[in-house]
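Okay, so here's the structure we're looking at.
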Amino acid sequence: MTDIIPILPILIPVISGIILLGVGRTNVYLHRVIASLTALLMVIVSIVIVYYVAQYGIIVTHVGNWEAPFGISLVVDMLAALLVLATSIVTFAVVVYSFQSIGPARERFFYYPMIMFMISGINGAFTTGDIFNMFVFFEVFLLASYVLITTGGTKVQLQEGFKYLLVNILSSNFFVLAVAYLYSAVGSLNMADIHNKLAAFDGDASIMSLVAVVMLFVFATKAGLFPFYFWLPGSYFAPPMPIMALFGALLTKVGVYAIARVYSLFFIDNTGFTHQMLMLLAVLTIVMGSIGAIAYSDMKKIVIYNILIAIGIIIAGISMMDEAGTIGATYYLINDIIIKAGLFLLVGFIIYRTGESDITKLGGLMKVHPVTGWMLLISAFGLAGVPPLPGFYGKLFIVTSLFDNGHVISGIIVLLSSLVVLYSILRIFISVFWGESMDFTKLKPISYDKLLFSSFLMVIIMVAFGFGADALYPLFDSAAQSLYEPSSYSGYLLGVE
Amino acid sequence: MKSTLKKLGYNRVHKQMNDVFLKYTAKVVFLVIITFSINLFFSGHYTPGGGFVGGLLAAGAIILLLLAYDLKTLRKMLRIDDKRTITLGLAISFIIPILLMFFGTPLFTHQYTYLQLPVFGEVPIHTAVIFDVGVYITVAGTTLLIITLLASEQFMAESEGADKE
């Protein structure tokens, strides 16, 4: 059982992708059925995985039956399991959303297979226990994302896609470089093994600070941290809405996950330098994101800059590396995956319905779509952290941890950023749903039941996630444990050696 | 080639050269390269080589044909769809590891045995070979798809005025 379970999140989407390629590109309907059933299956499988990890602890499989520090291990701890679950839920919602939004022309050009390959890469990056293998899975999902960002071939997509391609190829090269540094310093690629070796090492490990800087450059570029976020608002703006939702919800979070993993496992020696640097960048990211979120009146841009704010908040929590900080960060990470997807899908619905993404040109939609309006309001509250909703608990833990460690200014910035988030989303709500009515005859006569189904599903899951926070606390505690107490993650090696 | 002909005084040069030597040699060399790629493929288990290199070489051989002839002729010679080829290769290299999981081992664990054959003597049989066949087909198909996609516009434009055999 432990051999089969951890491989499934990678294998199911790949097989589905191959079947979709085999089906050929003419039968769009069949593509939709296969893709949505796969996503549903993945949700079920990942719930089983979460249950299994909660019951029996970390599951490990050694691919190819090679022993642990030498072969590639897939290690599913609670953090990885929860991220896989969130990924599956978002995938299901986005796939269903795509039926009515992306258009058959794009669907025929291998849209669903590429989503499946990308999800497989993302799940692989979450579950692998080997740093070089993580690089490989990064490449897998990046390759698929290159296709997705340019699919359709409009001018802006090609332009931004090229930028995206260059930035990611450059940072991937540095990823290999960082892994090479790491390997020459430590002599191992298995993340748990590296942690064990570094924890037992009592000499001068200052070379690790260099590796930390290179790795931070790599993952900060992927995650969109200051000052490497420059490509993000442009590139995420280009593709159609479902792809944007998928990218915004998932791709940056893989970078965050990688930062959390390597900073908890590898850089334990000189935390005064490495983690301080991380927190400084996180706070600057929050500030830049806040400026962007207020500055624009385009709905897509507002939500994209909200990604930056969330990334900054999560990284600030991670950089503390204590219990409260990491619990807050993992909780906020999962919350943000779900609610960012929901927000993108809601905004996408408004754009598809009205054909307009500038909030100043819209107004009075409340008369036509009252439920959507209130859902948008709820998601704004959830994102900003109004108490019963999940954003609150994540930020509470993160800010507590920041204050405990004496970073008062950072804590205040995190708190102030909540106001910015609330203001920026409320601005969408007020000017789109209230105010002077726009010309309702200009509304596009599209069918939108599936668009609303997906976006409401995400908001409802987010609300349930908030109300169930108390029941879910043990899961997040054990997820955070592998970050603040990394020996619990690397412990699986002890039985082998 | 074209510039040499121009120097010699041929002012009207066909876009696609009907070069008998190139075409004939390409056919022969194609066979040699394909044979070598299969050799590389089989030597891959213990020595350098394997499905990836073999596949690249096979694609290289087909691209040689593409250079000697043109895309239309190549499509007539090899009636294969690149996308189907990639799908087939991927399917082979994923079905085999999944079937092998029924042995109760983790994914990608290979199984092997030794056969006693009358002429060859003791011959090892590996499941990894079948996986590698998938890799070979995928790599060959992908490389070919990339090259033909890059070439197709130019070739489509040129094959309009190309020699019609």
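Cβ atoms are placed via backbone N, Cα and C, with glycine included.
As the structure is a computational prediction, the values presented were derived from the model and not from experiment.
Some features that TrEMBL has for this protein:
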type: TRANSMEM; residues: A:33-54; note: transmembrane segment
type: TRANSMEM; residues: A:74-97; note: transmembrane segment
type: TRANSMEM; residues: A:109-126; note: transmembrane segment
type: DOMAIN; residues: A:129-413; note: domain 'NADH:quinone oxidoreductase/Mrp antiporter transmembrane'
type: TRANSMEM; residues: A:132-152; note: transmembrane segment
type: TRANSMEM; residues: A:206-231; note: transmembrane segment
type: TRANSMEM; residues: A:243-266; note: transmembrane segment
type: TRANSMEM; residues: A:278-296; note: transmembrane segment
type: TRANSMEM; residues: A:303-321; note: transmembrane segment
type: TRANSMEM; residues: A:333-352; note: transmembrane segment
type: TRANSMEM; residues: A:373-393; note: transmembrane segment
type: TRANSMEM; residues: A:408-430; note: transmembrane segment
type: TRANSMEM; residues: A:451-476; note: transmembrane segment
Spatial neighbours of the transmembrane segment (A:408-430) not adjacent in sequence (6+ beyond its ends, CB under 8 Å) are 279, 282-283, 286-287, 289-290, 293-294, 299, 302, 305-306, 309, 312-313, 316, 343, 347, 359, 373, 376-377, 379-381, 383-386, 391, 395, 398-399, 402
Ranked by Cβ pairs within a distance under 8 Å of the transmembrane segment (A:132-152), the first of A:33-54, A:74-97, A:206-231, A:243-266 is A:243-266
Which bits of the chain, at least 6 residues beyond where the transmembrane segment (A:74-97) starts or stops, bring a Cβ under 8 A of a Cβ in it? 5-7, 9-10, 32, 35-36, 39-40, 42-43, 45-47, 49-50, 53-54, 58-61, 63, 112, 115, 119, 122-123, 126-129, 191-192, 241-242, 245-246, 249-250, 253, 257, 260, 330, 333-334, 337-338, 341-342, 345, 348, 450-451, 453-455, 457-458, 461, 475-476, 478-483, 489, 492
I'd like to know if the transmembrane segment (A:333-352) touches the transmembrane segment (A:206-231) in this structure, counting it as a touch only when three or more C-beta pairs sit under 8 Å and are separated by 6 or more positions. no
Leading stretch by Cβ pairs under 8 Å, where the reference is the transmembrane segment (A:33-54) and the options are A:109-126, A:243-266, A:451-476: A:109-126
Other than its close neighbours in sequence, what residues sit by the transmembrane segment (A:109-126), given a CB gap under 8 Å and a spacing of at least six beyond its ends? 9-14, 16-18, 20-21, 25, 31-32, 34-35, 38, 42, 80, 83-84, 87-88, 91, 94-95, 98, 102, 133-134, 136-145, 147-148, 151-152, 246, 250-251, 254, 257-258
Near the transmembrane segment (A:333-352) in space but 6 or more residues beyond its ends, with Cβ under 8 Å, are 82-83, 86-87, 89-90, 93-94, 97, 101, 241-242, 244-246, 248-250, 253, 256-257, 299-300, 303, 306-307, 310, 314, 362, 365, 372, 375-376, 379, 382-383, 390-391, 394, 425, 428, 432, 444, 446, 448, 451-452, 454-455, 457-459, 461-462, 465-466, 476
